[in-house]
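Structure first, then comments.
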Amino acid sequence: MSPNKKVQPTIFVIFGGTGDLNARKLTPALYHLFLDGQLPEQFAIIGTGRTPLSDEQFRTRLLDGINQFSRTGKADKKAWSDFAEHMVYQASDVQEATTYQQFSKRIKGYEKDWDTEANVIYYLAVAPEFFPVIAGNLAKSSLTADAERTRIVIEKPFGHDLESSRELNKLLGQIFTERQIYRIDHYLGKETVQNIMAFRFANALFEPLWNRNYIDHVQISVTEQLGVGERSGYYDGAGALRDMIQNHLLQLLCLVAMEPPVDFTADEVRNRKVDVLRAMRRFAPEDVRESAVRGQYGDGWMEGKQVPGYREEPGANPTSNTETFAAVKFFVDNWRWQGVPFYVRTGKRLHRSASIITVQFKDVPHCIFPAETAESWQQNRLIISIQPEMSIRLQVQAKRPGLDMMLNTVDMVFDYKGTYTSQAPEAYETLLLDTMLGDQTLFMRGDQVEAAWDLIMPILNSWQGRASQSFPNYSADSWGPEVAEALIARDGFHWFTLPLNGKH
Ligand code: NAP
């Protein structure tokens with residue numbers, strides 16, 4: 001995000017070095033930054049976990065991760081060996097004071113060898129119950145005393161509800177300044193998500209139409225084919241609203257609905273996003289039934305394979321009331337958006353994995369064409385497809401070739417793959433580089449996180465207080481429960497799905 005800035009000498013301390021996130025995302029991202037020449041010569045990664053491993057064993061484990069998960073396939077032998085020289089492992093427990101003394105010794109050692117002070121980034125890729133423990137121990141060991149040079153990166157979930165997120169913010173605030181805290185929502189690092197701002201604020205064409213006078217409604221849909229699988233231990237305490245809507249989907253909504261920032265600085269951009277969250281209509285307890293619906297998947301067949309229902313997943317609670325699907329109708333009560341519904345939905349075990357934002361424009365004020373000319377009359381739509389397809393399409397009506405005046409819907413498409421030959425970086429590459437550069441634009445500020453919790457608390461409370469009698473209420477490979485169709489159909493709309501390959 002910050003062109004022309006150079007990364008200072010940096011030490012990365014990865015808590016959870018033996019974990020899934022590090023193998024799947026963090027090390028592959030750092031490796032690609034290394035390949036792209038983005039990392040300084042003076043650079044070190046200290047991985048930690050309780051598992052006893054030598055440096056060499058640690059590196060081999062992570063090489064396996066690269067070979068399995070890297071966007072560019074198997075690692076190049078020489079490049080990997082050059083990169084791996086920067087990695088060491090420290091077997092230790094985050095709850096013990098000696099762990100931090102060892103870190104301190106290692107950090108001082110690097111700084112002495114490099115003959116310079118280094119930026120130190122503490123990456124908390126561990127379960128959330130360790131966040132306060134690690135933050136407190138870092139502070140006690142004076143490892144965070146230099147506010148300019150030390151940073152902490154925190155993975156979601158950031159709190160379990162409004163109260164716990166406030167507590168965590170308070171605790172972190174006693175140890176770090178806000179400028180040191182990087183709360184990751186990896187959606188914000190995705191190319192297509194970053195492009196929403198470029199699209200809206202680097203083009204004169206759309207902004208005049210981007211309001212209640214021209215926009216009918218907005219849909220944000222993040223659907224997944226995968227079920228919960230082995231993760232029900234974590235997921236059962238979370239659910240779709242906490243796991244997806246509180247963070248990723250509301251952040252997408254903010255990018256669509258925000259006012260133009262004065263400039264592209266972290267605080268300006270984040271202020272405008274917080275404005276959206278503050279303007280969003282709060283739900284009174286009696287409104288929740290009208291505006292929010294939930295679902296849980298039952299068993300079924302997906303791509304020729306029989307799959308279990310949520311309650312039958314390994315380790316799952318057989319009477320679980322956790323939602324694996326949620327859909328909510330939001331309003332943003334300000335001048336720009338008054339009366340425009342924002343429908344969001346997300347769920348697991350759905351027919352297709354896709355993240356799509358659809359902006360549907362109002363109909364023409366008067367149609368001059370006779371009804372029979374329109375084969376498929378459709379209001380204009382702008383569709384921002386985040387994944388797996390990376391595209392922006394504008395759907396317009398056009399004349400079908402031929403002697404008759406017949407109208408048809410056609411797509412004007414900006415397709416990343418067709419336009420750019422270079423591979424898009426993974427979200428974590430962008431976010432890790434930004435952390436090293438000290439650019440917080442794509443990270444969640446404390447007040448942003450709390451505003452998002454505040455908005456969804458009435459729904460969480462209502463769902464917690466009233467167990468669903470209908471779970472499971474959608475089968476695997478469907479588009480979710482009927483109540484979700486009804487939520488949007490009541491207003492005369494339907495959920496939009498992008499046809500495979502974008503073809504009509
Ligand atoms: P994981 O595979 O279970 O890894 C947990 C890590 O914590 C392991 O490295 C484990 O090391 C370490 N650990 C546990 N107790 C410890 C202790 N007392 N002292 C030192 N280390 C300890 O979890 P994960 O999937 O990587 O997820 C980590 C965090 O990232 C979670 O908060 C998760 O919600 C979040 N997250 C993960 C993903 C993902 O794709 N995996 C995506 C988004 C967010 P040892 O077993 O060696 O002690």
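A Cβ is built for glycine as well, from the same backbone N, Cα and C atoms used for every other residue.
The domain 'Glucose-6-phosphate dehydrogenase NAD-binding' annotation in TrEMBL covers 13-195. The NADP(+) binding site annotation in TrEMBL covers Arg50, Asp93, Val94, Lys156. If you look up TrEMBL, you'll see His186, Lys190, Glu224, Asp243, Lys348 marked as substrate binding site. The domain 'Glucose-6-phosphate dehydrogenase C-terminal' annotation in TrEMBL covers 197-495. TrEMBL lists His248 with the feature active site, proton acceptor.
For the domain 'Glucose-6-phosphate dehydrogenase NAD-binding' (13-195), the mean pLDDT of the prediction comes to 95. In the three-state DSSP classification, the residue listed as 'active site, proton acceptor' falls within a helix. Val94 (NADP(+) binding site) and Lys190 (substrate binding site) are 31 Å apart (CA-CA, integer value).
With the fewest other C-beta atoms within 10 Å around its C-beta, Glu224 stands out among the binding-site residues Glu224, Asp243.
Spatial neighbours are here defined as Cα atoms within 10 angstroms of one another, and by that definition the neighbours of Lys156 (NADP(+) binding site) among the binding-site residues His186, Glu224, Asp243, Lys348 are His186, Asp243. It is 26 Å from the Cα atom of His186 (substrate binding site) to that of Arg50 (NADP(+) binding site).
Neighbour count (other Cβ atoms within 10 Å of the Cβ, all protein chains): 23 for Lys190 (substrate binding site).
Ranked by how many other Cβ atoms sit within 10 Å of their Cβ, the recorded positions Arg50, Lys156, His186, His248, Lys348 place Arg50 at the bottom.
Arg50 (NADP(+) binding site) is 31 Å away from the residue listed as 'active site, proton acceptor' when you measure Cα to Cα. Close contacts with ligand 1, defined as a Cβ under 6 Å from any of its atoms, occur at Arg50, Asp93, Val94 among the binding-site residues Arg50, Asp93, Val94, Lys190, Asp243. Proximity of Val94 (NADP(+) binding site) to non-local residues of its own chain (separation of 6 or more, Cβ distance below 8 Å) is seen for Phe15, Thr48, Val126, Phe130, Val133, Ile134, Asn137, given in sequence order.
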